[in-house]
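Feature annotations, courtesy of Swiss-Prot:
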| type | residues | note |
| --- | --- | --- |
| TRANSMEM | 3-23 | transmembrane segment |
| DOMAIN | 10-94 | domain 'MtN3/slv 1' |
| TRANSMEM | 42-62 | transmembrane segment |
| TRANSMEM | 68-88 | transmembrane segment |
| TRANSMEM | 96-116 | transmembrane segment |
| DOMAIN | 127-212 | domain 'MtN3/slv 2' |
| TRANSMEM | 129-149 | transmembrane segment |
| REGION | 149-221 | region 'Mediates interaction with TRPV2' |
| TRANSMEM | 160-180 | transmembrane segment |
| TRANSMEM | 186-206 | transmembrane segment |
Amino acid sequence: MEAGGFLDSLIYGACVVFTLGMFSAGLSDLRHMRMTRSVDNVQFLPFLTTEVNNLGWLSYGALKGDGILIVVNTVGAALQTLYILAYLHYCPRKRVVLLQTATLLGVLLLGYGYFWLLVPNPEARLQQLGLFCSVFTISMYLSPLADLAKVIQTKSTQCLSYPLTIATLLTSASWCLYGFRLRDPYIMVSNFPGIVTSFIRFWLFWKYPQEQDRNYWLLQT
């Protein structure tokens, strides 16, 4: 029993540490925006999608009474909100960004209205919300597949981040174990694609080393 309790604590701690580490990766973008007072080379859409993901899992955790989900996604949502506000501040073309943000808020309001008004049964609400969060998280993990196809076509991994790949693997594996321990299929299944795509990236790093890319470009110049 003590061993099981220690293992649970280890998994819970890993989920918190690795996930918050993933969320704080945006701090480098925030620092870049503040130093350059611009949004050059900073993508806005990942901030929005991660915000939706955080708020969805936060609602799921609150409905389920899961403290780990609540803490992690509260911090994550706060960080994404900070990144979004900073982007809005430094972005010269605010109209498009404001439209995307307003669309996000509209979708969130519709979602909350549906789950809390049209699904009165708490158990059914939990299952439907869990399914939504799971599908959304899976789509986020699978969305970079276009980049992986580009790597294969160009035989270059310059567009991939090795540290981010490691962080994604550790985070996904931690949440898979967390979902397995809680027997929660929504948490477990939604994070499995993160493990798969991480191993695909590792294979691509092995197949097309970045050092090889640098040598190739040096020869071309």
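Just so you know, glycine gets a Cβ as well, placed from its N, Cα and C.
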What residues elsewhere in the chain lie close to the transmembrane segment (96-116), defined as a C-beta under 8 angstroms and at least 6 residues from its ends? 44-45, 48, 51-52, 55-56, 59, 84, 87-88, 125, 128-129, 132
What parts of the chain pack near the transmembrane segment (42-62), using Cβ distances under 8 Å and only residues at least 6 beyond its ends? 23, 26, 29, 32-33, 68-70, 72-74, 76-77, 80-81, 83-84, 87, 91, 97, 100-101, 104, 107-108, 111-112, 115, 126, 129-130, 132-133, 136-137, 140, 186
Using Cβ atoms and a strict cutoff of less than 8 Å, what residues sit near the transmembrane segment (186-206) while being 6 or more residues removed from its termini? 60, 130-131, 133-135, 137-138, 141-142, 144-145, 148, 151-152, 157, 160, 162, 165-166, 168-169, 171-173, 175-176, 178-180
Counting Cβ pairs closer than 8 Å, which of 3-23, 68-88, 129-149 has the most of them with the transmembrane segment (160-180)? 3-23
Contacting positions for the transmembrane segment (129-149) when only residues 6+ beyond its ends and CB under 8 Å are counted: 49-50, 52-53, 56-57, 59-60, 63, 111, 115, 159-160, 172, 184-187, 189-191, 193-194, 197, 200-201, 204
Please indicate, using numbers and ranges, the residues of the same chain that are 6 or more beyond the transmembrane segment (68-88) and have a C-beta under 8 Å from a C-beta there. 12, 15-16, 19-20, 23-24, 26-27, 29-30, 33-34, 39, 42, 44, 47-48, 50-51, 54-55, 57-58, 60-62, 94, 97-98, 101, 178
The domain 'MtN3/slv 1' (10-94): DSSP-derived helix, strand, coil residue counts: 70 helix, 0 strand, 15 coil
